[in-house]
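Database features (TrEMBL):
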type: DOMAIN; residues: 26-134; note: domain 'Cystatin'
type: SIGNAL; residues: 1-20; note: signal peptide
Amino acid sequence: MARMVATSLLLLSLLAVATAAAHDTAAVGGRRDIKDVGSNKEVQSLGKFAVAEHNCRLRRSGGVATAGDPVTVQLAFTAVAAAQEQVVSGVAYYLKVVARGRGGGGGGGDRPFDAVVVVKAWLKSKELVSFAPSPK
């Protein structure tokens with residue numbers, strides 16, 4: 001009996017190591033760069049969602065900044081320039097969104113923003129966690 005338990009544990013350990021080696025991931029829970037962001041429809045869709053949700057929150061707050069969203073102008077989505085993902089309770093996407101202000105006070109051209117969106121596929125939910133001007 002003890003030999004069978006030891007053999008089972010050894011097989012499970014080998015399976016776990018083989019599975020980890022087969023996947024191109026960073027440490028569990030670590031961020032991983034997403035390649036080919038420009039052609040990744042899911043990532044571009046998440047960027048559009050982030051800008052649309054920012055605009056909805058801004059309308060609901062009467063144009064007042066909040067801790068999770070200090071941007072006080074309506075924006076028009078341009079593209080997602082870079083993205084990372086991290087497995088959490090769902091998948092957190094760290095997006096570098098390019099958008100431009102629209103309307104009278106938006107002014108200027110394209111500007112970068114940092115957005116964090118958490119997707120929980122099993123609940124069919126997306127949540128914009130934060131949206132802020134990018135320092136770079």
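Including glycine, each Cβ sits where the backbone N, Cα and C put it.
Break the domain 'Cystatin' (26-134) down by DSSP state and the numbers are 26 helix, 48 strand, 35 coil. In the predicted structure, the domain 'Cystatin' (26-134) carries a mean pLDDT of 91.
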